[in-house]
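Per TrEMBL, these features apply:
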ACT_SITE  H433  active site
ACT_SITE  S435  active site
ACT_SITE  H575  active site
ACT_SITE  S577  active site
DOMAIN    311-443  domain 'ZU5'
DOMAIN    444-585  domain 'ZU5'
DOMAIN    777-862  domain 'Death'
Amino acid sequence: MQKMAELQGLRDECGEGTSEAPALAGSCLADNRLNLDVYPDGCRRFLQLFKEQQGEVVQVEFLRLSSNDCLLDTTLGSIPHLKHLKSLVLKGGHARDEFGSYQHGSLTSLPPDFGHLRCLTHLDLSFNRLSIFPSCILHLPSLRVLLVSHNNLVTLPEDFGHLSKLTFFSAMKNQLKNLPQSIGELSMLQDLDLSENALELLPEEVGNLHNCRELDLSGNHLVSIPDSLANLKSLRRLHLHSNLLVTVPASLASLPNLSRLDLQNNCLRAIPAEIQALPFVHVRGNPLGETEPSPQAGLKSLHNVINSCMSSGSFTVTSEGCRVVLACGIHFYFPPGAASDPLRIYFRSLTPDPQWVKLRHHDVLLSRVLELQPHGVQFQQEVQIWMPYISPQTRQHEVVVRTFSGQSWSDLETRVKWSRKSKKCVARCCVLHFSWFLVVSRLVQNECKVPAEGTLLFSSVDPNIKVIFPPGVTKEPRHVKLQVLPVSAEEIQEITANAGCRASPLLYLSQDSMVDFLKPVRIQLPLPPGVTGLNLDRSRLHVLHGDLEGQTWNDITSEVVLEFTHLYAVFEVTHFSWYWLWYTTKTYIGGIAKKVYERLRLYQVNFIALQRKRDPEQVLLQCVPKHKVDPVLKKLQDRYRGPEPSDMVEMFEGEQFFAAFEQGISIDMDRPDCVDGRLSFIFYSHLKNMKEIYVTSPVDRKGQAVKGQVSFYRGAVPDSIPEDATRRRKGPDSLWLATLPIKLPQLKPRWDDNPGPVYGFSFPPLNLGNAETGYLTQANLLSIARRVGADWQSIGLNLGLTYQQIERIGYNNREDLNKQILDMLFSWAQQNSEDPDCVSKLITAMKDSGRQDIADEIEAIIELGRQKYSESIRRVGLEQESSTEDSAIAMM
């Protein structure tokens with residue numbers, strides 16, 4: 001309630017109606033505080049108040065402004081006049097970029113006059129673009145708290161020690177490489193945070209900080225630390241993790257008040273016995289020698305790396321805990337005691353199915369589905385899961401991990417960061433039991449619990465959007481969520497083809513109760529762009545209410561009481577859903593709003609169909625978002641050729657579409673993703689909507705090339721495919737999307753067309769695998785060999801052949817690629833024909849070599865073999881006899 005009153009007071013007191021500004025401004029200044037960083041135009045408001053009420057403004061003691069404000073530079077010149085100022089916050093991070101990351105402010109320096117703020121005790125310049133430490137700060141005699149974190153500082157001034165009254169200093173996440181010796185003169189300093197910089201060494205003078213209670217040096221490049229740290233008798237917490245330390249002084253153990261020493265993730269091979277004896281020291285993530293636990297203790301699994309590219313696998317967790325890293329980049333951390341007994345964990349990566357993975361409107365899928373078993377097992381402590389994801393290109397979104405309970409999906413509290421090691425974005429969640437997990441990008445969500453006393457909720461995307469809950473609005477506390485979708489004037493104009501149409505941001509409200517509120521809830525929305533309280537034509541303004549799916553938009557203007565300020569419209573509601581302000585001359589606006597809402601969810605995409613240069617029968621199909629087409633084609637141009645991409649079409653996230661080969665070209669109908677002879681795809685804007693397949697022609701070419709085509713269709717599989725698909729009518733209701741040409745050249749004699757010697761080789765009969773799991777025969781291997789091409793050396797190495805064997809095969813069959821491939825593949829097959837796992841090893845080698853297409857073909861062959869084996873068992877009646885025997889045994 002206090003926060004609500006403060007923010008509501010700012011809204012009124014700073015004057016959103018022009019006539020009330022002076023009077024209400026005085027009320028705001030009575031408390032000597034100006035919290036204007038919640039407004040995107042806070043600097044403008046400050047300048048207006050400074051101009052109109054300067055006598056009162058100069059008495060302000062606490063001032064907060066956003067450094068993302070475009071008028072910041074103009075405002076800086078006025079701040080030194082506030083002689084009584086005690087606390088000044090000029091932080092960035094109040095806006096997000098198109099990737100959803102917080103934007104740094106525009107502050108690069110401070111005027112020299114800032115040094116005249118003699119009363120200033122607290123200064124926060126975090127999340128800005130400072131590359132040089134402002135010298136005027138050194139002239140602030142009363143400064144006690146200084147924050148310059150998340151900037152670009154490379155060094156601190158040599159006379160930094162002049163800030164003799166400083167008790168708290170944070171310079172985390174800068175680029176500091178060294179510290180001045182004068183830092184030791186900060187005798188009153190109690191908290192020093194220099195984490196995540198580039199420090200390589202520390203001056204001995206750091207040991208003079210006798211009042212320092214917490215010192216954070218984590219995430220630097222320190223190889224050693226000075227012995228003088230043992231002089232910090234007041235030190236309670238010392239953070240040294242994630243450095244390059246090879247040793248630490250034993251004298252640290254003598255610090256009388258130390259309660260935490262974090263040495264994790266360094267290069268320590270030995271730790272002094274005095275340090276090891278401390279009960280609060282943390283040393284995981286070091287290549288320790290004599291201090292490393294024995295394998296019997298179970299702790300050696302703390303850094304297990306599962307080097308498997310397979311989509312499934314397993315590992316064991318003991319009561320001592322472990323850290324597991326999968327080759328795909330997924331990390332797990334099981335703290336000690338998470339599992340009371342040894343537990344086998346099974347994982348697998350699944351392709352998202354839109355019938356199961358139900359995305360909400362404006363969600364973007366960023367990863368495949370991760371399934372972890374056993375389901376339902378309760379861990380004693382939270383297990384951390386780090387999932388890599390593709391960074392979203394959408395604005396005003398945030399990344400969350402979503403989990404499936406068996407009935408519905410829910411979002412987990414998520415932390416995201418950029419992994420320097422894997423060069424990927426990763427999302428972390430903590431769970432007590434396993435199920436299914438995926439990473440999505442959703443509209444930024446603000447939430448709060450509404451008590452009976454009422455409260456205020458505003459959007460972090462646009463702080464001008466507010467929801468005010470009056471006292472008595474509910475009897476029992478309710479959980480309320482708010483999401484905002486900004487819509488630019490350009491988007492509205494492009495979709496509606498009407499320059500007169502304008503709309504506010506879209507507001508979505510939801511709650512955890514099915515009962516309407518007891519009192520009306522007050523909503524404030526910004527007026528559409530270009531519309532103000534001065535030029536507003538009320539007959540053109542419409543308040544729209546949309547259903548949960550955005551399919552129906554009702555004009556409720558006549559049902560609500562609208563109030564207007566210079567910039568905002570305010571109205572009251574009792575139930576939650578979508579709300580939207582429109583400004584237009586159109587009388588029926590619901591249909592237009594529905595059209596715009598649907599278009600905002602659509603992605604502009606192109607289809608590509610490319611053929612491998614070395615083997616034109618290998619065709620790559622992909623659906624690519626429009627802005628990614630050129631980079632994708634540039635990446636593929638060395639190995640593939642084909643027609644220009646299709647014309648642009650529009651698709652929804654998670655929409656199903658199909659590819660059909662026509663006019664004399666066909667594919668293997670036994671593929672699991674083949675529906676009535678057509679390949680099934682699911683479009684996800686941030687996943688690879690790509691398949692690489694082999695096509696054939698049943699037509700007798702008689703030495704002639706075949707000119708066929710591949711057509712793409714949306715939605716349900718069409719009942720029939722027309723001869724000339726290009727005559728199909730285009731439009732959102734049409735199944736046909738695009739058609740691209742495919743040309744197969746005159747075929748050379750196939751290796752498996754002649755059962756005799758191939759290229760001078762004569763191979764003995766081969767059957768890799770077994771009858772139950774399916775065989776790979778000599779004919780299968782010949783078919784596979786035709787597709788290998790120039791990747792044969794990489795495949796051979798991944799199959800276990802030595803470099804010397806590869807070189808010998810290349811030399812013996814020089815100038816004949818086909819012989820090199822056959823020699824490599826059949827040499828390996830003959831050596832491993834008795835290995836029951838040889839087929840799975842072949843599949844893994846193909847995947848590790850980047851030939852997922854061949855791996856898919858082998859798996860399809862094996863699956864077909866299993867089916868035929870099962871059918872033969874049923875056909876001869878062995879299955880029935882077997883079941884009868886089992887029943888007889890059970891009865892005995």
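Every residue gets a Cβ built from N, Cα and C, even glycine.
Over all protein chains present, the Cβ of H433 (active site) has 14 other Cβ atoms lying within 10 Å. Within the model, the domain 'Death' (777-862) carries an average pLDDT of 80. In sequence order, Y508, L509, S510, H545, G546, D547, L548 are the residues of the chain that are 6 or more apart from S577 (active site) and have a CB within less than 8 Å of its CB. Considering only the active-site residues S435, H575, the Cβ with the fewest other Cβ atoms within 10 Å is that of H575.
Rounded to the nearest whole angstrom, the C-alpha distance between H433 (active site) and H575 (active site) is 35.
Residues of the domain 'ZU5' (444-585) grouped by DSSP class, helix first, strand second and coil last, total 14 helix, 59 strand, 69 coil. In this structure, the C-alpha atom of H575 (active site) lies 34 angstrom from that of S435 (active site). The residues of the domain 'ZU5' (311-443), classed with DSSP into helix (H, G, I), strand (E, B) and coil, number 0 helix, 71 strand, 62 coil.
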